[in-house]
Amino acid sequence: MTTSALVVDDEVDLCRLMQITLTKMGIKSDVAYTLAQARSYWQDNTYDFCLTDLKLPDGSGLELVKEISNSSNTPIAVITAHGSMDLAIEALKLGAFDFVNKPLELPRLRQLVENALKVIHQDNGAQATPESSPEQKMLDARLIGDSAIMHPLKNTILKLARSQAPVFLSGASGTGKEVVARLIHDLSPRRDGSFVPVNCGAIPSELMESEFFGHKKGSFTGAVADKQGLFQQANGGTLFLDEVADLPLAMQVKLLRAIQEKTVRAIGDTKEVPVDIRILSATHKDLSRLVQDGAFRQDLYYRINVIELKLPTLNDRRDDIPVLAEHFLAMISAEWQLDVPPSLTREASERLQRHDFAGNVRELRNLLERAVTLAETSDIDISHLGLPDVSHDLKDTQAHSNAQQSNHYANEQNQSQPTTQTMSKAIENREQTLQSDSEITAVKHKKETTNLHPYRTNTQHYPSMIQRSVPNNTEPSTSSSDTNEKVPLHRPIQPKENETTSLQEPLDGQLPAQGLEHYLQEQEKQLIITALKQTGWNKTQAAELLGTTFRSLRYRMKKLEIAEDQSE
Ligand SMILES: Nc1ncnc2c1ncn2[C@@H]1O[C@H](COP(=O)(O)OP(=O)(O)OP(=O)(O)O)[C@@H](O)[C@H]1O
């Protein structure tokens with residue numbers, strides 16, 4: 001069936017141009033020159049999408065956007081006068097799926113129409129199988145949770161995926177902002193393009209411009225070849241600005257310009273290159289507060305925060321804990337190639353539902369990884385969770401489960417004391433580097449008094465595994481009066497007195513042959529690999545050793561092309 005469109009604009013020549021473009025794309029169209037005419041056409045006919053100017057002789061195209069979005073799923077895009085970004089944003093908020101600026105550039109118009117066609121195609125597919133559209137299936141498989149709070153969230157995600165509007169994902173750390181960003185991309189008409197996530201807090205400020213916009217060979221010392229920036233990598237796809245609050249102010253100005261103009265210029269280049277990207281952004285910080293404090297530009301905030309999606313904390317959706325736990329245990333089982341998939345005992349499942357998950361879903365996942373490591377059989381019991389005792393009734397349950405596990409934990413005196421365990425076979429393979437003395441000690445979790453999550457501070461906030469044997473000069477104090485003290489797996493090497501932490505001079509004062517950048521990257525790579533080896537390739541712990549965040553480490557590993565796990 002031929003696709004049909006309604007074009008609304010009072011400029012006759014422009015309407016003709018749009019009609020010709022649409023006809024060339026195989027789309028039949030009607031033209032309305034006023035709001036009243038548009039309403040009448042809309043009532044009397046069925047269209048697959050609509051394209052409207054905002055300034056019409058008898059009213060605003062925004063009214064049409066509102067009416068069409070409220071009464072149907074039909075994609076509607078708006079044409080805005082150059083520079084009237086506020087109106088474009090208003091239209092996106094009201095439900096327009098995209099906008100195009102005047103003077104009209106035909107490639108941009110074609111791109112917009114192609115996106116509309118993809119949305120229509122997706123809708124037709126969904127109508128054919130309403131119960132379990134591929135989109136719904138993907139959403140349910142990757143965003144786990146069926147609680148009352150998750151239903152409207154999932155519906156909103158499906159709607160947002162159709163739009164080109166910038167979305168700002170807010171919510172505490174570990175609530176799944178990146179999961180949702182990826183889903184919005186994979187469910188959108190841009191799914192065939194790249195999803196490029198960037199941790200804005202992890203890029204050194206002096207490299208930011210080059211990372212975002214690229215550089216030409218020779219444009220600065222160390223620019224040994226042309227480099228494509230993140231904007232260009234995301235061309236045709238989605239750029240996800242994670243930890244956007246951490247962007248330095250100087251970079252915010254440049255980013256705003258690139259987002260508004262939809263063009264970028266690489267360092268050392270003379271020409272601007274157009275880019276077609278959708279911007280998604282996220283932070284666990286209060287961005288509006290940062291705007292008030294002058295730490296984040298209001299104009300950029302306004303531009304990226306066209307639609308805000310707030311993700312609930314895990315504590316706000318406790319009903320989802322069992323299903324999430326099941327999901328992660330299945331994942332761990334597959335990743336670690338366990339013969340028998342692990343499962344939670346009823347007591348353990350109940351205990352999890354009472355835990356205060358300051359680190360949200362990420363904390364749950366890590367807690368389960370640790371529990372699987374500690375359990376000798378496929379049954380994950382309350383004692384493997386490493387959580388503090390919270391109530392009397394729970395104590396009874398725990399005593400019962402401890403009794404059941406007594407064969408496995410013959411050496412264990414009580415949960416608050418360090419325990420010595422042998423690891424299951426699969427874990428042995430994975431954690432070879434941790435086993436120089438074949439012992440792993442679990443330390444009782446110290447109840448957090450702050451709401452910081454474990455991966456954003458340099459302090460350990462969870463019961464970590466520690467090696468008993470550590471080098472003399474880094475031996476953690478075993479005489480500490482606080483047996484709950486959290487001890488790092490390996491302490492970072494402390495400089496001796498009068499010793500600086502700066503890198504040693506290479507080759508007796510000679511400068512590195514391949515230049516500073518290359519030398520520093522090599523050093524960075526070596527330090528990261530050392531930390532990863534020391535922690536059995538556990539990125540969370542390696543990040544702590546290096547005094548950085550998990551996300552930052554992951555970003556650097558990707559940048560330096562360090563494979564995820566080289567332990568085998
Ligand atoms: N609803 C969910 N279903 C399945 N996995 C989830 C869900 N939410 C979060 N996760 C998992 O939790 C971990 C953290 O998620 P993610 O990185 O998306 O959180 P975030 O909010 O972006 O965190 P941060 O603010 O620290 O960047 C990931 O392993 C992710 O796969």
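Heads up, the Cβ atoms here are built off N, Cα and C, so glycines get one too.
What TrEMBL annotates here:
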COMPBIAS  399-424  compositional bias 'Polar residues'
COMPBIAS  456-482  compositional bias 'Polar residues'
DOMAIN    4-117  domain 'Response regulatory'
DOMAIN    143-373  domain 'Sigma-54 factor interaction'
MOD_RES   ASP53  4-aspartylphosphate
REGION    391-489  region 'Disordered'
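As a summary of secondary structure, the domain 'Response regulatory' (4-117) carries 56 helix, 29 strand, 29 coil according to DSSP. Around ASP53 (4-aspartylphosphate), a 10 Å sphere centred on its CB holds 23 further CB atoms from the protein chains shown. If you take every residue in the domain 'Response regulatory' (4-117) and average the pLDDT, you get 93.
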